[in-house]
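Asker: Okay, here's the structure, questions in a sec.
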Amino acid sequence: MSHSPNLSPQISNDIIDADTTSLASTETQQNIQHSQIHPIGHHGREQSEEPQNTTKTTTTTTNKIHTTTPSVDPDLGPLRELEQDLSSLESQQEQYLSQKPTSTSIKTNKVPLRERRGLLAQIVLIPEYEDARDYPNKIKYLIVFIIAFASLAGPFGTSVMLPAIDDIVNDLNTNVSTVNVSVGIYLLSLGIFPLWWSSFSERFGRRSVYMVSFTLFVAFSIGTALSPNIAALIVLRVLQGGSSASVQAVGAGTIADLFIPQERGQAMGLYYLGPLAGPFLAPILGGAVSQAWGWRATQWLLMIISACSFVLITFFLPETLRRVDTIQVAKDLMKKSDNNGSQNEKIHDDFAGADNSSVHDIDGNPIPGTELHQVVSNLSRRSSNARSIVTYMEEQENEGPIIDPVMPSISRLTTNRSAYSQRIHQNYVTDELRKTTSNLTQSNHSQYNNNNNNDNDKWSSVKTNCYDLIIRPLHSIILLKHPPVVLVISFSAISFAAIYFFNMAISYEYARSPYNFSSVILGLMYIPNSVTYFMASIIGGKWNDRLLNRYAQKHGELVPESRLSWNIVVAIILYPMACLIFGWTIKYREFWVIPLIGTALFGFASMLVIGATVTYLVDSLPGKGATGVALNNLIRQILAAIATFIVEPLLRAIGAGVLFSIIAGILLVSSLVLLYLKKRGAFFREHYDVMDLYAKL
């Protein structure tokens, strides 16, 4: 029996057969082979199973397709390209999952001298690598030391002037309240400017941002040391704080460039020694140099620290931002498939409107139109799964360590394995796919309509870049619409502001009768609370993780509220005790050691609370933890700046006893927020769609 003739060679070649599904584009494979890929955990493996099964379904169906007449002649070229690209992405996933979790699993490739990136890159003694994770461990930890030392400067500048406030008042012929403005405005700069430095580093690279910012830091420190009046001092302190804030934002990104997630914990701990040592050393060294050479010596000391950092960065810090990114290759594949989206929809419609009787299997039997739809539907499913692969790869590879840029880092336990986080992340992936498809479709139409108007395109590009660099970093404020975020940040900010009430009161009260301590001794008064900061950061971090793990063992999942337990109760009890001890003993001029008991207790309590709230914030914003921490830093630095502005007038007006009794009451009342979150956190997560806020970032 003779069979009906097949489609023309052109059409037959366009049909997706079994061989095509196993092939990937040569160029993509080469990119994958030269890129470093690391395992993404069990989520990625779950995602990998479905595309493979779908491929088999597609192959079985498409092997049967033959037709009797060329009445349906759709252009299947885009479908074939999409099939190849998706197969390439699946092959990439297999390599991703099969890699051993080490950051040196691929042979290193040094960048030629002339192709190095960043300012003055040719004079760096350490060569740039295609992928910074290929550096030997000795080089990696040298870079960690450099950025840790550089990160000391910003927090150091917040407290270095505190022992010398009276000297500044006398030298610049001003008053204590005005000098406190220079301290508060510096804090404000530390909170605001990191939003932009981080954006700049992604656009221009880490090295260039470090070099520009520390060049400015050196210059503004010299200017501050030479300030002729209080107005110049305040203006220069704003610029000084803003330039020093770069490493607070970019340092975490550098750690992420150098280490895969499995290796970042130890590096993160070493890196954070710098920001933590700053507030501890600043009052001691500041008091010593101001006692010997006056308050201007504190700014020369800052200049020396920043200049040393600049030298280390210039000669020993190569660009670490990755040059070849496998994830970007995968994104390009998905963008390519989206560009063909309208053509694929046309093919789908053509199949839907075709005469089903004209389509036969290999035995000449008609194939229902639903099977043709299944072919196209399977491709759509594979595309969706491939997008999920890209999402998980990007999250695992690019998400840097989450840190609190002023206070000690508390161990962060990723909650992607909890049922809640899986549900949240899946919703986020779906929303992002829908948004990306819409944006790409609009972009394609816009490009087609304006391809003859280059001037408009250039102007539009400039406006887009300016918006992304200047305005978009402020979008993180939108997260304050999410109740858990605004509640936890409000309490964290109040607790942080209270720290500066203590710090400013120490320098004010101990410099007066009957104590009359010198600048050197004033600096030593900050040791008790600094020591308890270290203690609480160690104890609180382990306590935090123990609470989380105990809840997970009992209930089978990780929830953010499990971090808010007896650690918070201890802090709530210590807060009013510390405030009352310090406030009333310093008011009645008790023996100088007694008020320091209050500062030590407060330091321990505040670190327990701040550590727990920061980790709760990160866990409540899966995939956006860094954005949440930056927002938290912004709000609390604003409140800390306000505290430095008003503390001295309040001490003179109502006295330390009444002031710190009020602070104790505010802390006690605001701590009810944490108890409320403990009870209602799950309700907020279930009834408020944080994904809508993510889409606006």
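Along the chain as shown, the residues are counted starting at 1.
Every residue, even glycine, has its Cβ placed from backbone N, Cα and C.
Below are the features listed in Swiss-Prot for this protein:
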{"type": "COMPBIAS", "residues": "53-69", "note": "compositional bias 'Low complexity'"}
{"type": "COMPBIAS", "residues": "85-99", "note": "compositional bias 'Low complexity'"}
{"type": "CARBOHYD", "residues": "N175", "note": "N-linked glycosylation site"}
{"type": "CARBOHYD", "residues": "N180", "note": "N-linked glycosylation site"}
{"type": "CARBOHYD", "residues": "N516", "note": "N-linked glycosylation site"}
{"type": "REGION", "residues": "38-109", "note": "region 'Disordered'"}
{"type": "REGION", "residues": "338-367", "note": "region 'Disordered'"}
{"type": "TOPO_DOM", "residues": "1-141", "note": "topological domain 'Cytoplasmic'"}
{"type": "TOPO_DOM", "residues": "163-180", "note": "topological domain 'Extracellular'"}
{"type": "TOPO_DOM", "residues": "202-215", "note": "topological domain 'Cytoplasmic'"}
{"type": "TOPO_DOM", "residues": "237-240", "note": "topological domain 'Extracellular'"}
{"type": "TOPO_DOM", "residues": "262-268", "note": "topological domain 'Cytoplasmic'"}
{"type": "TOPO_DOM", "residues": "290-296", "note": "topological domain 'Extracellular'"}
{"type": "TOPO_DOM", "residues": "318-485", "note": "topological domain 'Cytoplasmic'"}
{"type": "TOPO_DOM", "residues": "507-519", "note": "topological domain 'Extracellular'"}
{"type": "TOPO_DOM", "residues": "541-565", "note": "topological domain 'Cytoplasmic'"}
{"type": "TOPO_DOM", "residues": "587-590", "note": "topological domain 'Extracellular'"}
{"type": "TOPO_DOM", "residues": "612-626", "note": "topological domain 'Cytoplasmic'"}
{"type": "TOPO_DOM", "residues": "648-653", "note": "topological domain 'Extracellular'"}
{"type": "TRANSMEM", "residues": "142-162", "note": "transmembrane segment"}
{"type": "TRANSMEM", "residues": "181-201", "note": "transmembrane segment"}
{"type": "TRANSMEM", "residues": "216-236", "note": "transmembrane segment"}
{"type": "TRANSMEM", "residues": "241-261", "note": "transmembrane segment"}
{"type": "TRANSMEM", "residues": "269-289", "note": "transmembrane segment"}
{"type": "TRANSMEM", "residues": "297-317", "note": "transmembrane segment"}
{"type": "TRANSMEM", "residues": "486-506", "note": "transmembrane segment"}
{"type": "TRANSMEM", "residues": "520-540", "note": "transmembrane segment"}
{"type": "TRANSMEM", "residues": "566-586", "note": "transmembrane segment"}
{"type": "TRANSMEM", "residues": "591-611", "note": "transmembrane segment"}
{"type": "TRANSMEM", "residues": "627-647", "note": "transmembrane segment"}
{"type": "TRANSMEM", "residues": "654-674", "note": "transmembrane segment"}
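Tell me what's around each of these sites.
Answerer: Under the DSSP three-state reduction, N175 (N-linked glycosylation site) is assigned to coil, being neither helix nor strand.
Around N180 (N-linked glycosylation site), the same-chain residues six or more apart in sequence whose CB sits under 8 Å from its CB are I165, M504, T644, F645, V647, E648, listed in sequence order. Secondary structure from DSSP puts N180 (N-linked glycosylation site) in a helix.
Same-chain residues at least 6 positions away in sequence with a Cβ under 8 Å from that of N516 (N-linked glycosylation site) are not found in this chain.
If you average pLDDT over the topological domain 'Cytoplasmic' (1-141) in this model, you get 55.
Long-range contacts of the topological domain 'Extracellular' (163-180) within its own chain (CB-CB distance under 8 A, at least 6 residues past either end) are made by residues 227, 229-230, 233-234, 283, 286-287, 290-291, 294-296, 298, 504, 507-508, 511, 519-520, 522-523, 644-645, 647-649.
Sequence-distant contacts of the topological domain 'Cytoplasmic' (202-215) (same chain, at least 6 residues past either end, Cβ-Cβ under 8 Å): 117-121, 150, 243-247, 250, 253-254, 257, 306, 309-310, 313-314, 317-321, 468-469.
When Cβ-Cβ distances below 8 Å are used as the criterion, the topological domain 'Extracellular' (237-240) is approached by residues 157, 182-183, 185-186, 188-189, 216-217, 220-221, 223-224, 302 of the same chain, each at least six residues removed from its ends.
Listed as Cβ neighbours of the topological domain 'Extracellular' (290-296) (distance under 8 Å, sequence separation of 6 or more from its ends, same chain) are residues 161, 163-164, 167-168, 171, 225-226, 518-520.
Residues 162-167, 176, 286-288, 290-291, 525, 586, 589, 592, 595, 647-648, 651, 656 of the same chain sit 6 or more residues outside the topological domain 'Extracellular' (507-519) yet have a Cβ under 8 Å from a Cβ within it.
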Asker: May I ask which of the stretches 142-162, 297-317, 486-506 has the most CB pairs under 8 A with the transmembrane segment (241-261)?
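Answerer: Against the transmembrane segment (241-261), the leading stretch is 142-162.
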Asker: Ranking 216-236, 297-317, 486-506, 520-540, 566-586 by Cβ pairs under 8 Å to the transmembrane segment (142-162), which is first?
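Answerer: Looking at each of 216-236, 297-317, 486-506, 520-540, 566-586 in turn, the most contacts to the transmembrane segment (142-162) are made by 297-317.
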Asker: Taking the transmembrane segment (627-647) as the reference, which of 216-236, 486-506, 520-540, 566-586, 654-674 gives the largest number of Cβ pairs under 8 angstroms?
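Answerer: Out of the listed stretches, 486-506 contacts the transmembrane segment (627-647) most.
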Asker: Can we call the transmembrane segment (269-289) and the transmembrane segment (297-317) in contact, meaning three or more C-beta pairs below 8 angstroms at a sequence separation of 6+?
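Answerer: Contact between the transmembrane segment (269-289) and the transmembrane segment (297-317): present.
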Asker: For N175 (N-linked glycosylation site), which residues in the same chain are close in space, meaning a Cβ under 8 Å from its Cβ, but six or more apart along the sequence?
Answerer: V169
Asker: If I count Cβ-Cβ pairs under 8 A between the transmembrane segment (654-674) and each of 181-201, 216-236, 486-506, 591-611, which range comes out on top?
Answerer: 486-506
